[in-house]
């Protein structure tokens, strides 16, 4: 008999991509996948591309919205609750899995109310408000980082699911061995880009003598490529400048060092790949959770945590020049030791176990 899971995730890739990895694992095991997303969200396209059934609700984020939006919140929540309950009654899932994002809170609340087995996955080291509430109602709380939510009976540390091609990369000691010449630097700002990195990195590279300068690939973000090209041109520095990177596994595998933000999925990918990194947490993240994410690696000598307030061309240039290949390989090896390569299996099989309870 085939089982059905309702996966609730939306808003950003940090929620959606781990959910898709779990969906593929369960689909291969014979499960029927139904995805609960939000109208117009990136998840609607991605879920359909992978052949999953899709249901949507109308709900979105609230932080930073105007007074009118907040006044309408009760009505919007009631609508989202009603739509979520209608989907759950229609789909009749054996298990409901919340991976975060806008649909997960109303969907999780209704799953609990309708007595469906509910699991939530918290990607970050500090849980958001929605998961702090849902953790009290869920049957299992799956963690991307140890001790994010303290519950001896419910909590299961699985790690964050990442793409298989990243976990299959050769060990860093094997990849880094024998490399010579300029280090290969990968700068990743995410799909939206990171203005601080786009501005500071080319200025830092300008300060490094050309013979010592890293070979750089810089991912700008969809709307920032032209501005990034201008920044590099003004600095007199050459680099491979791109809006998006299709094959991150390959890029991680060939890079000696990555400079990036410290989102939960990014930190987990760096560990899974086994690559040295300089992490510049987004300073306006809720509860400053990116700094705590970064400390998962930096606290073990697997990365360097560089607050954005301390990110300067002079300081970054000095840091880059002072990093030896031996140090980079040691950081990469330590990162790989912190990886959770079976995170997808852990999340999926915990869902399977709920059917047998």
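Placed from the backbone N, Cα and C atoms, the Cβ positions cover glycine too.
Here Swiss-Prot flags 12, 13, 14, 124, 163, 191, 245, 264, 265, 266, 267, 268, 269, 290 as UDP-N-acetyl-alpha-D-glucosamine binding site, drawing on sequence analysis. Long-range Cβ neighbours of residue 265 (UDP-N-acetyl-alpha-D-glucosamine binding site) (same chain, at least 6 residues apart, Cβ-Cβ under 8 Å): 13, 14, 17, 18, 123, 160, 162.
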Would you pick out, from the binding-site residues 245, 267, the residue whose Cβ has the largest number of other Cβ atoms within 10 Å?
267
